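Accompanying notes for the structure given below.
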Amino acid sequence: MIPVSLVVVVVGGWTVVYLTDLVLKSSVYFKHSYEDWLENNGLSISPFHIRWQTAVFNRAFYSWGRRKARMLYQWFNFGMVFGVIAMFSSFFLLGKTLMQTLAQMMADSPSSYSSSSSSSSSSSSSSSSSSSSSSSLHNEQVLQVVVPGINLPVNQLTYFFTAVLISGVVHEIGHGIAAIREQVRFNGFGIFLFIIYPGAFVDLFTTHLQLISPVQQLRIFCAGIWHNFVLALLGILALVLLPVILLPFYYTGVGVLITEVAEDSPAIGPRGLFVGDLVTHLQDCPVTNVQDWNECLDTIAYEPQIGYCISASTLQQLSFPVRAYKRLDGSTECCNNHSLTDVCFSYRNNFNKRLHTCLPARKAVEATQVCRTNKDCKKSSSSSFCIIPSLETHTRLIKVKHPPQIDMLYVGHPLHLHYTVSITSFIPRFNFLSIDLPVVVETFVKYLISLSGALAIVNAVPCFALDGQWILNSFLDATLTSVIGDNDVKDLIGFFILLGGSVLLAANVTLGLWMVTAR
């Protein structure tokens, strides 16, 4: 559910803004001066919407649009080709997304894991950035509805809205420069806030826009999504090169650094994980970076519980008579004292008979090699057994190595460890450096990639009121005018394509919202 406090703040804030605006406009003393102030500053206020427009940046836009004319011509030609391809590809992408959503709705147990754009999704900002790289732990769709407070953590709103605003500004800069390049008058640039979503816009002289050729219009209309696509590519490049960029201050490849442990995490405790710990192994799985951490947890979660070699003498010394019984899930329990330190283990004796024994977990698994069967233990000692923790179906005992501290023994679902422990691959070279800085940068870049890419895809959809509508109209004018002489037929074709795109997008948004809010 959306946090009530967030709703109260948003609704309360807009109520104050709107009532203040209404009172000032109704006041005999302040009406004219207030309206003059709004007009002079390019401000307009309506319910849940604030809009600011300025001509301050016009000179900069004209400078950019008239510089290196030949290069810009080729640049926006590439953008035009990309825009047309993206417009038609969006049908396939939306159709695929709709099928995925319907498949999830039909499933008995829809996947409970979702991301941002790219996202990415977890309980804290740093865990989101570090864990979103694991595709195996998530059944992600290319497009997904994002609702703050539901599948977008409230503590990541700053990343989200900053990335939305930057993506919107870059999008509109593309339209503005392309328009000036095609000799369309540029009136101004602006920013708006709708409820909680920020955005940008450019004001172009409509008459000029209608007088230029369809191909010129295409360059202008495609420029926005083209710039968003390029921004997403630059974000991917920055993400790949981040270890190199931060190399003078941070190093990687030796493990993962703990940046945060949630208060409700099972990893909290005197012998648990702490901020600043360097994890090098999960069981016998080496961890050198975030991807290794995710893959190791994935393997541990979906493979049978691993065992530990123990000598016959140690087993005899530590074990004591117990009465085993079956749990509801069919697994066996043999520790009847509900101890936090003892765990029920199963093993096969020399006669291949399965036995159960209750052992102090730390003494049983410390300084031992891992195994699957007794044969794995015979290599080191002929009188050894492979003892395997007898736990509930989805529960695992995981030995987490974080030297120089003593190994942490974690008992629980691997995904709980995944979602309640925040990590980073970047280890500071100097003590004064923040361990959170690389995580903040990484998280923001991932949001920028996801949201800029999403803005390019969604705006390319031939849908009423989106860039795709104008791209489609210009494309039909450029290609069908000489083929179909009757403009009414051409307009009818365009209308049905727009109707199909609008219905497809609306279906995705509606079902996506239902899937997000119904979970």
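Cβ atoms here come from the backbone N, Cα and C positions, even for glycine.
Keep in mind the model is a prediction, meaning the values are calculated, not measured.
Listed in sequence order, Phe189, Ala200, Phe201, Val202, Gly224 are the same-chain residues six or more apart from Glu172 (active site) with CB atoms under 8 A from its CB. Annotation comment: Swiss-Prot describes Glu172 as active site.
Taking all protein chains in view, 25 other C-beta atoms sit within 10 angstroms of the C-beta of His175 (Zn(2+) binding site). Swiss-Prot lists His171, His175 with the feature Zn(2+) binding site.
Under the heading N-linked glycosylation site, Swiss-Prot lists Asn337, citing experimental evidence as support.
The region 'Disordered' annotation in Swiss-Prot covers 115-135.
What Swiss-Prot lists as topological domain 'Lumenal' is 25-74 (among others).
For the topological domain 'Lumenal' (108-144), the model's average pLDDT works out to 43. Under the heading topological domain 'Lumenal', Swiss-Prot lists 108-144 (among others).
For 252-446 (among others), the entry in Swiss-Prot reads topological domain 'Lumenal'.
Per Swiss-Prot, the feature topological domain 'Lumenal' maps to 477-492 (among others).
Residues annotated as topological domain 'Cytoplasmic' in Swiss-Prot, with sequence analysis given as evidence: 514-519.
Swiss-Prot lists 4-24 (among others) with the feature transmembrane segment, giving sequence analysis as the kind of evidence. Non-local neighbours of the transmembrane segment (4-24) in the same chain are 30-31, 34, 45, 47-48, 50, 148-149, 154, 195-196; each lies 6+ residues outside the stretch with a CB under 8 Å from one of its CB atoms.
The transmembrane segment annotation in Swiss-Prot covers 75-95 (among others).
The transmembrane segment annotation in Swiss-Prot covers 96-107 (among others). For the transmembrane segment (96-107), the residues of the chain that approach it from at least six positions outside its boundaries are 141-143, 504, 507-508, 511-512, 514-515, judged by C-beta separation under 8 angstroms.
Among the features that Swiss-Prot reports, transmembrane segment is placed at 145-169 (among others), with the record citing sequence analysis.
Look at Swiss-Prot and you will find 174-186 (among others) tagged as transmembrane segment, backed by sequence analysis. Below 8 angstroms of C-beta separation, residues 58, 61-62, 64-66, 69, 72-73, 76, 79, 202-205, 208-209, 212, 216, 219-221, 223-228 of the same chain, each at least six residues beyond the ends of the transmembrane segment (174-186), sit close to that stretch.
Annotation source Swiss-Prot lists transmembrane segment at 187-209 (among others).
The annotation transmembrane segment is assigned in Swiss-Prot to 229-251 (among others) on the grounds of sequence analysis.
In sequence order, Ala200, Gly224, Ile225, His227, Asn228, Leu455, Asn459 make up the list of same-chain residues 6 or more apart from His171 (Zn(2+) binding site) whose Cβ falls under 8 Å from its Cβ. In the three-state DSSP scheme, His175 (Zn(2+) binding site) is classed as helix. For the topological domain 'Lumenal' (25-74), the DSSP-based tally of helix, strand and coil residues reads 27 helix, 10 strand, 13 coil.
Within its own chain, the transmembrane segment (493-513) is flanked in space by residues 90-91, 94-95, 97-98, 101-102, 105, 143-145, 147, 458, 461-464, 468-469, 472-473, 476, 480, 484, which lie at least six positions past its ends and keep a Cβ under 8 Å from the stretch. Remote same-chain residues near the topological domain 'Lumenal' (477-492) are listed as 213-215, 217-218 (criterion: CB distance under 8 Å, separation of at least six residues from the stretch ends).
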